[in-house]
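The following features are taken from TrEMBL:
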type     : residues : note
TRANSMEM : 29-46    : transmembrane segment
TRANSMEM : 62-79    : transmembrane segment
TRANSMEM : 85-104   : transmembrane segment
TRANSMEM : 116-141  : transmembrane segment
Amino acid sequence: MSGRDTDDSAANNRSPAPLRSRLITARRVSLLFLFWHTVTVFVWLREHIRMPGWLGSDSREVAVRLWTLAWLTFVWVLLWGTVSWANILAGLVLAIAIVTLLPLPRVPVEGRIHPVAVLIILVRLVIDFFVSSAQVAWAAIRPGRPPLGAVIRVRVAIKSDMVLTLAVDYLNLVPGTMVLDIDHRRRILYIHVFDVRTEKKVQAFYDQVAFVERSFIRAFERDSEWHPSPYHGIDDEYHRVHDIGRAATEHTDMSDVPPTDGGGR
């Protein structure tokens, strides 16, 4: 009896294993089946169905709109505090109504985001913030002549208004620099600099602006990925001016605007 009981118990212990493996295999096959048909349906929809105009004119515009819908739906569910199909559907309907009936101005999506380059910008921002804070604090308490401030104008090659706004925010967050005015057509920044008593400090300011310009172009506006948006008229003027060369008035106005690439001024 003991031998038979041992065989029965061993058989009972082995029996769930084949069943579990079959279930795992069936689940994997089901996931592959679902993924394949999902991709097939997506490709068919993309080729045969035209997206509504309010979603955007290309895939990137559509991605931004869909992200907006998802975010508004998430906020609605978060406000209710309960995750349920009713709240999700209600939030989705409300999000579609907001995007359709109360649309915000379109944000041009003209380049691609590079996370590594964005991370470099954030790290450099933190470093510049603390270094500049220490420099401003020391200039405020040290004996001697007070700092000599000045308004300097520089030209940048950033094309998108959105990216230009981010670059301006970067400069405003760093103590010692403050953007006072922006000439969008000619891409000129008028920046108040805390201390320009020496040539070295002026050159350090130009180097900082050049780094900000290069970093934001590398993160958002690489030439190989740049596609001007049809909703952005400023870019058309920017490219037109650069294609035909500077006009005579541009030569006059820009002759004293130093470059931001660290070259001669």
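Note that Cβ sites are derived from N, Cα and C of the backbone, with glycine treated the same way.
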Beyond the flanks of the transmembrane segment (116-141) by 6 or more, those residues with Cβ under 8 Å of it: 147, 170, 173-177, 194-195, 208, 211, 215-216, 218-219
Chain residues outside the transmembrane segment (85-104) and at least six past its termini with a C-beta under 8 angstroms from it: 54, 65, 68-70, 72-77
